[in-house]
């Protein structure tokens, strides 16, 4: 569904991503784990066109994303829940969800009802300004906003960041549920254990390169992964 | 102060304030979206006024209603606003705020001097689009021109509020200043939103030109610079980047100016600015401004 080949990205003279290739098949949860600064977020931002690539190819289904105007990518039904949530703080919860459907307003109220059923907290707070929500609620809102676009695939960047262990569990079960409803997921996480536990496959990144890849269950048992990312 | 004098000053202040408010909206909308002070914005009043000066006789000769020249002014201002943004501002947007500021100042001087070459330095008299009588209401003289001007201003501001609250483009204009990346991710073409913002801001300046010319029917090539400066101050006073703040700031500056003029005619500008400085000392981010650092 999503295929990246030989991707290189840099910030000025600094190479952030070097010759990375990865693939996500329809229906999978694939996670991208690795230390802070390994380039995981940069990969997601490059897929969404927020960052320009130097070289390589990014294909989503039939479309070459490097040649796609960034604001048109959501119309291909590829959504992105960015790191740090990036909700619209001065808009209400409901307005934020409406913004999620900006590119495709068809059946908006039905989709919103679905989102509210999934996240009852959001429904309770729909008239509240999004900036006043707690971190966990903001993360739910960010996911809800992405779902409003009725995506086929979601790029999810550090959904567990800054959340309490209980909320981390909740957000991961939501991701799993979203995936079971047929949405493919590329997940970037520092919480490697949690990410691997819900993923089909995973890639391990180290300083801009992919150092390991494979079945999530096997990586969870791999001695090197255990040592480096699972603190065991 | 007698009631009638107070009332007269109140509506004069509201009239002046509504003009400042409409211009201040242009500054604040552009600042909100690209963090740039468009110093050339005031000159769009001049562009609007000259458009009306030249098109009113045309309309009259052609037997068409003269208010159509307001429409002409709105169209000319929007088009020039968009052209200025695309040709001069967009290329320097990445170069930092200082370059953008200097470009805007240069654009202001350019427009004023171009107008001098094209239209001459001699002040011209703009025919009034509407000329209503003054009626006597409960012993108070009510110039209907002023009332209509205030009304136009209120309608424009209410219309703008509804536009940004309810329409898709309006919502995009609100979301881009809040979070540019997230706006792109939900499918907003940020460049287009910026261009539309310039068009709307310039159109509001054209309406401000109509309101101004109804009161002072004189157009000069530099008429926009002083008006623009005061409207800019009004925008900062209300909290720059905040749309209701621009309206509030504009009305306040208008009221302060007219009432100070009443008591100390020769001093009114000095005292008006002194009051503004005091307000900003107490609340540096403006009356409706929130004290937040710039987001990185």
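Cβ coordinates are placed from backbone N, Cα and C, and glycine is handled just like the others.
Taken from TrEMBL, the feature transmembrane segment covers B:17-37, B:44-60, B:66-88, B:100-121, B:141-164, B:193-212, B:232-255, B:262-282.
Scored by C-beta pairs under 8 angstroms, the transmembrane segment (B:141-164) has its highest count with B:17-37, from the stretches B:17-37, B:44-60, B:193-212, B:262-282. Comparison of B:17-37, B:66-88, B:193-212, B:262-282 by number of C-beta pairs under 8 angstroms to the transmembrane segment (B:232-255) places B:17-37 first. Contact count against the transmembrane segment (B:66-88) (Cβ pairs under 8 Å) is highest for B:193-212, out of B:17-37, B:44-60, B:193-212.
Within the same chain, residues 23, 26, 66, 68-70, 72-74, 76-77, 80-81, 111-112, 115, 119, 124, 126-127, 129, 201-202, 205-210, 212-213, 219-224, 227-228 sit at least 6 positions outside the transmembrane segment (B:44-60) and bring their C-beta atoms closer than 8 Å to a C-beta of that stretch.
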